[in-house]
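Features as listed in TrEMBL:
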{"type": "BINDING", "residues": "Cys183, Cys185, His207, Cys210", "note": "Zn(2+) 1 binding site"}
{"type": "BINDING", "residues": "Cys196, Cys201, Cys223, Cys226", "note": "Zn(2+) 2 binding site"}
{"type": "DOMAIN", "residues": "180-229", "note": "domain 'PHD-type'"}
{"type": "SITE", "residues": "Tyr182", "note": "site 'Histone H3K4me3 binding'"}
{"type": "SITE", "residues": "Met193", "note": "site 'Histone H3K4me3 binding'"}
{"type": "SITE", "residues": "Asp197", "note": "site 'Histone H3K4me3 binding'"}
{"type": "SITE", "residues": "Trp205", "note": "site 'Histone H3K4me3 binding'"}
Amino acid sequence: MSFIEEFQANIEALPNHLRRKYALLRDLDKSLQGVQTQNEQRCDKEIEDMIQRIKAGNVTPDSSLIKFSDDALDEQKHAIRIADEKVALASQAYDLVDAHIQQLDQYLKKFDEDLRRERDTAVVTGAPATTVENNVKSGRSVEGKGGRKKTRLATAAAATVTAATPSGMDLDLPVDPNEPTYCFCNQVSYGEMVACDNPNCKIEWFHYGCVGLKEQPKGKWFCTDCAGTQKKRKGK
């Protein structure tokens, strides 16, 4: 598989992945606005009630009773938690795009090195140079424990279809109903993929780009769902 085909295969799921994150951000923002509005109304009412109690002489201005209720404080804490979730989602979206940018930089560097090496060889041997894009490769990697393959590449045929799709277009392509889907993005197999080492993982296979990987992980690797399960088991 050429570097262009591989990159397009890895980036295919990026638009859908980002749309889901942005949809979550919108939902969190809507929830945050609701909590903030409710808290502002509650605090305004509590301040007004406190002013009336001070005027009536029931509470002195320096009294320790002059404070917001537990409900108001809980709402404020909840708003902070939602805001932190928004920041985390935004960071994830940024890191996801940045990972693809770095991957493209690596591919371009490799492409330039391959072209330079090919030109040098052609000058020495006098043979016509061939383009790197024509060197399409596909295959499977070495099997991991239990006969499961740690990583794999999509077939050259699938890569060719992906490469023919302009990156600026909506990539919601029709999928053969008999073609199995994988990963959080629920897409068919393409590009490099990694298997979760949890034998009970419901998804099992994941695209590198969807889980932020650039190369084959060393040792055992767990998806985010299974990693949380593993931590809970260790904590017991």
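FYI, residue positions are counted from 1 along the chain as it appears here.
Each Cβ is built from the backbone N, Cα and C atoms, and glycine gets one as well.
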Check your understanding: About how far apart, in whole Å, are the alpha carbons (Cα) of Asp197 (site 'Histone H3K4me3 binding') and Cys226 (Zn(2+) 2 binding site)?
Key -> 9
Exercise for review: Take the Cβ of Met193 (site 'Histone H3K4me3 binding') and count every other Cβ within 10 Å, whichever protein chain it belongs to.
Suggested key: 24
Exercise for review: Could you measure between Cys223 (Zn(2+) 2 binding site) and Trp205 (site 'Histone H3K4me3 binding') for me? Cα positions, answer in whole angstrom.
Suggested key: 9
Revision key, fill the gap. Check: min Cα-Cα distance from Cys196 (Zn(2+) 2 binding site) over recorded positions Cys185, Trp205, His207 goes to Trp205
Point to revise | Pairwise Cα distance for Cys210 (Zn(2+) 1 binding site)/Met193 (site 'Histone H3K4me3 binding') [Å, integer] | key: 9
Review point. If you measure C-alpha to C-alpha, which of Cys183, Cys185, Cys226 (binding-site residues) come within 10 angstroms of Trp205 (site 'Histone H3K4me3 binding')?
Key: Cys183
Practice item. Sort out the sequence-distant neighbours of His207 (Zn(2+) 1 binding site) for me: same chain, 6+ apart, CB within less than 8 Å of its CB, listed by position. Key: Asn10, Ala13, Tyr182, Cys183, Cys185, Gln187, Tyr190, Gly191, Glu192, Met193
**Study point:** All-chain count of other Cβ atoms within 10 Å of Cys210 (Zn(2+) 1 binding site)
**Key:** 22
Check your understanding: Beyond Cys196, Cys201, Cys223, Cys226, what residues of that chain have CB atoms within 8 A of the centre of the Zn(2+) 2 site's CB atoms?
Key -> Asp197, Asn198, Lys202, Ile203, Glu204, Phe206, Phe222, Asp225, Ala227
Review point. Once the chains shown are all counted, how many other Cβ atoms turn up within 10 Å of the Cβ of Cys201 (Zn(2+) 2 binding site)?
Key: 16
**Study point:** Sparsest-packed of the listed binding-site residues (Cys183, Cys196, Cys223, Cys226) - C-beta count within 10 angstroms
**Key:** Cys226
Review point. Applying the rule Cβ within 8 Å of the centroid of the Cβ atoms of Cys183, Cys185, His207, Cys210, what extra residues of the same chain belong around the Zn(2+) 1 site?
Key: Ala13, His17, Tyr182, Phe184, Asn186, Gln187, Phe206, Gly209, Val211
Exercise for review: Starting from the Cβ of Asp197 (site 'Histone H3K4me3 binding'), draw a 10 Å sphere and report how many other Cβ atoms land inside it.
Suggested key: 20
